[in-house]
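Single-structure report; data block below.
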Amino acid sequence: MEATTCNGSVDGSRVFYLVGIPSLPESLFLPVFFIFLLFYLLILVGNALILLAVVAEPSLHKPMYFFLTNLSALDILFTTTTVPKMLSLFLLGDRFLSFSACLLQMYLFQSFTCSEAFILVVMAYDRYVAICRPLHYPVLMTPHTNTALAASAWLTALLLPIPAAVKISQMAYNNINYIYHCFCDHLALVQASCSDTAPQTLMGFCIAMVVSFLPLLLVLLSYAHILASVLRIHL
């Protein structure tokens, strides 16, 4: 869906200018580029090694490591969504993004953030069953169940940001829109619009609560039960 411009017409040629870090002197762009590149390569190599180790070693074919491979894959996807453009910005001064590219980056950033939160909840549940209900663990955490839990986390995370992305695509923008960030996220796109931003701000807040507060609460509840079980054993 194309963005509606501020004069009411529809034009898919709107572009976004990534301001990056305004206070960062241009003389430091190259050192910052190498720092980001180093961390990016470490993330790629580290998570790739985890994936290879779990796949290659039969003794690691367990629910906990299965969910860990999901986290590793998400780390790779999450960083690849944002870091390459940041590297291009600091090395080549490439600051422009088309509207569709910016919208896609925002959507993927939100989706992978949600996926990581939901996978962490699933991992907490896995540990809860393993420690608090060890006799039921082989029955409850079957390969089919593990796959279903991981797939549900991924699917929910892919669907949850869609309403926000659709609403963003209908907002009005100028010919050149400034993003005061190194990549396109929801808040930056809302602030760049010349439409009424209140509904989108509220939607973004609601999504943030679902993605952060609810998973955190579920993880804390799981580990509270685990701690209580451990304390009962030692008392």
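For all residues, glycine too, the Cβ spot is worked out from N, Cα and C.
Those TrEMBL annotations? Automatic predictions, nothing curated.
Per TrEMBL, the features are as follows:
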TRANSMEM  28-53  transmembrane segment
DOMAIN    46-235  domain 'G-protein coupled receptors family 1 profile'
TRANSMEM  65-87  transmembrane segment
TRANSMEM  107-125  transmembrane segment
TRANSMEM  146-166  transmembrane segment
TRANSMEM  202-224  transmembrane segment
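Outside the transmembrane segment (107-125), and at least 6 residues removed from its termini, the chain residues within Cβ reach (under 8 Å) are 64, 67-68, 70-71, 74-75, 77-78, 81-82, 149-150, 152-154, 156-158, 160-162, 164-165, 183-186, 207, 211-212, 215, 218-219, 222-223. Counting same-chain residues at least six beyond the ends of the transmembrane segment (65-87), those with a Cβ under 8 angstroms from any Cβ of the stretch are 18, 20, 33, 36-37, 40, 43-44, 47-48, 50-51, 54-55, 94, 97, 105, 108-109, 112-113, 115-116, 119-120, 122-123, 126, 146, 150, 153-154, 182-183.
Counting same-chain residues at least six beyond the ends of the transmembrane segment (202-224), those with a Cβ under 8 angstroms from any Cβ of the stretch are 110, 113-114, 117-118, 120-121, 124-125, 127-128, 160-161, 163-164, 167, 186-187, 190. Regional average pLDDT for the domain 'G-protein coupled receptors family 1 profile' (46-235) in the model is 88.
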